[in-house]
Every structure is written in structure tokens, then in C-alpha cells.
Amino acid sequence: MMPTQRLAEADPQIAKLIREETRRQAEGLELIASENFVSPAVLEALGSTLTNKYAEGYPGKRYYGGCEVVDQVEQLAIDRAKQLFGADHANVQPHAGSQANMAAYFALAKPGDTVLAMSLNFGGHLTHGSPVNFSGKLFKIVPYGLRQSDETIDMDEVARLAREHRPRILMVGASAYSRTLHFDRFAEIANEVGAAMVVDMAHIAGLVAAGLHPSPVPHSEIVTTTTHKTLRGPRGGMILCREAHAKTLNSQIFPGIQGGPLEHVIAAKAVAFGEALRPEFKEYQRRIVENAQVLAEGLKSAGLRLVSGGTDNHLMLVDLRPKKLTGKVAEEALGKAGITVNKNMIPWDPEKPMTTSGIRVGTPALSTRGMGPREMTLVAALIGRVLDAPADEQVLARVRGEVKDLCAHFPMYADRV
């Protein structure tokens, strides 16, 4: 017999922890650049009965019966994704960005082939060739990095390495890079050496959808993304590609990498894509960028050094070496003050990955709450105060109180706390 109790009755321990996490999100400043807050509609889809349905295969071609409804759900997600990004084909089944990237690699290359990608140490991602990741284990990775003069991507180096190594894939994208990615220039290099260009736009997908960052879709064989971050959907992945690659890519996801898709997550993706197709989403993305620029200037006014001097998108990297702080110390101190960031490697970082010399800061979540430039100036000052006295418990307590007061003016998930 099916249990009929609500969560609070059936499992009070988990219910309590969920309330505590919701309260943490509501009462603190969420500045992790890869995090965001989904809408109640997205949450509702995630918790729907679609979680019960197995649906191996694709709409109209399933290995299970009873898929007539989830076929419609998934097709809506596909159609909305294609409309949002102007793509020929979309696969909305990847459970995460890592699976999307794996499928892209497997569709275009064989193990042992050469991949030219941005080094994790300079802002890339684990799946762009880190030796501890499948990408670094299966492929020959040639990393590119930044110019020391301005801490932006060294396109001359990218071109030189491409000509020297003739990669099968040129992987473009980053997880900690605050400047515009010039996909047209990358495409010229890829075309010159006969490489297939793959773009991981996970961090900037929302900006791309709103036309605030150049789109990689016209220039790339394959584009991968997560569906959270700036896109403000559920945690998951997606692949966009030219029609010529559609069949191969689909087969790499299923049956190649995954089994049954998570149709409740796909429904939530469809809801988020629908939200992103509305005019107000563009205004939201404009606010993200404006907030990031104001926050960056505020942090510099507080005496902090930013990698590359600022930001063009939703995030910035703070170099803490002039403060004689590590990212680990800064993350912990800010956390005690109710400000959540993540420690992050900076270019040419002398510290280990679990220590780091920097922190990564982003504005998507605070922008979702409705905060604007005025609040960003205040947030920058609060961060500055904490980093000036990271071991002073009185300072941290005072800042935490101010953070809680600020958040109270921008309530979130009030019915769930």
C-alpha cells in the first residue's frame, strides 16, 4: 500500500533539513556564480508525478508503453529550447552538463584524439580535459590559457596550438572567466585546422538567450549547456547541434551514456525555457550584467583586485593575494557572515585547489531576488568589511545581522521556510 503521509509526518528529519536549507537560502546572500533560484513553477514540475515514469528512448520512439504524455512534455522542452537558441536540434535528456560534454566528445572524436581546451587552472572546467576527469583520461588534451598582460584568453596562443597539434575538437567555454568569448574568432581557428568546434556555454546560456552575449550556435558543431546557472532552470544538461549531428548525438546520450531520462526534470526544463522566452527574462539578464558590473566596481573600491580588472558577464574572480588571504579562509569567513561564495583558482595560482588564492563571485541569484545596483554597492562593502577582518567574530556577527536585514526586504520561498 502506498504511504499517504506528507513529508513532515513521513520523514521529519528530512523535512527539517529541507526547511533549514530553504531558510539558509532565504536569509543569506547567494553569490556562487553557478547557482540560482528557480521559480515555484519549476519546483512544482520537479516534484510532479512525472518522476514515476520510465521512458527510455525519445518522443515517438520509446522502449516502454504509456509514454504518450511524457512524449508531449519532452517535445515541448525540445521545441522551446530550439526556439530560445535558434538551434536545428536539441536534446534535453542529459542529466548534467558533464553528460552533455561527454556525448559531444564521443559524437565527434575517438579515445586518444586530440582536444584543444581551456586549462582548468585558467578558468576552464573539469570536463575540458582535467587529468582526473574522463575527458583527460580518454583524450589527448592540449590546454590553452590567458595572456599575462590582461588576463584574457590568448587567441594567438590558441591559433598557434591549433596549427601545431591539429586537434579533432576545439572546446570553447569556461567556468571561471569573466570576459566575452569571441566565438567567431574561435570558429576561424577551428575551420583553418579542420577541427570540430564544441562550445560549453553552461555559465552564459541565459545571457546568450537574451542576446547579451554572442551566441555560439551559428559557429559551432555542437553546443552544450547546463539548464541552471543563468538560465534559471532545474539542475540538468542540454545539447544543441546542427541537424547533421542530431542522430549521432541522440545515440550517444541514449543508449550510449544514460538509460531512462528524468521526465520530471525535463518538464521543469520546459517550464524554465518557457519563462526564458518571455520579454521579462531579457530584463532579468540585463539586471544580472548590470549588477555584476556595479558589484565589481564596489569590490575594487573596497580594495580588492579582480582578475582581468572586471567583468563582461555575470561573474568575477577576486585575487586575494594582495590581502594575504587564501580563498579557503575568505570563503569560510564570508560564510559565517551569511555571504556564500566559492574558493576558486586564479590564473597562475600558487595554492592547491582546496586552498586557492581567489574567490568566484556572481550575481544571478541576487538578481532573481530583485536586488539591483544599490544593493550591489552595499554587498560589495559588506564583503570588503569581512575580508578586512576575517578572524574578527564581532565583525562577522554584525555583517551577518545586516545581511539578514537586507534579505528580509527581498523575501523568497516564504511559504516554504
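Every residue gets a Cβ built from N, Cα and C, even glycine.
Per Swiss-Prot, (6S)-5,6,7,8-tetrahydrofolate binding site is recorded for Leu120, Gly124, His125, Leu126, and the stated evidence type is sequence analysis. The annotation N6-(pyridoxal phosphate)lysine is assigned in Swiss-Prot to Lys229 on the grounds of sequence analysis. Residues or ranges marked as site 'Plays an important role in substrate specificity' by Swiss-Prot on the basis of sequence analysis: His228.
Looking at His228 (site 'Plays an important role in substrate specificity') and His125 ((6S)-5,6,7,8-tetrahydrofolate binding site), their Cα atoms lie 16 Å from each other. Its Cβ taken as reference, His228 (site 'Plays an important role in substrate specificity') is surrounded by 26 other Cβ atoms within 10 Å in the chains shown. Each residue in Ala117, Met118, Ser119, Thr127, His128, Gly129, Ser130, Asn133, Ala174, Ser175 lies on the same chain as Leu120, Gly124, His125, Leu126 and has a C-beta within 8 Å of the C-beta centroid of that (6S)-5,6,7,8-tetrahydrofolate site, without being one of the site residues.
Sequence-distant contacts of Gly124 ((6S)-5,6,7,8-tetrahydrofolate binding site), defined by Cβ-Cβ distance under 8 angstroms and a gap of at least six in the same chain, are Ala117, Met118, Ser130, Pro143, Gly173, Ala174, Ser175.
Among the listed binding-site residues, namely Leu120, Leu126, the Cβ with the most fellow Cβ atoms inside 10 Å is that of Leu120. Of the candidate binding-site residues, Leu120, His125, Leu126, the one lying closest to the residue listed as 'N6-(pyridoxal phosphate)lysine' when CA atoms are compared is His125.
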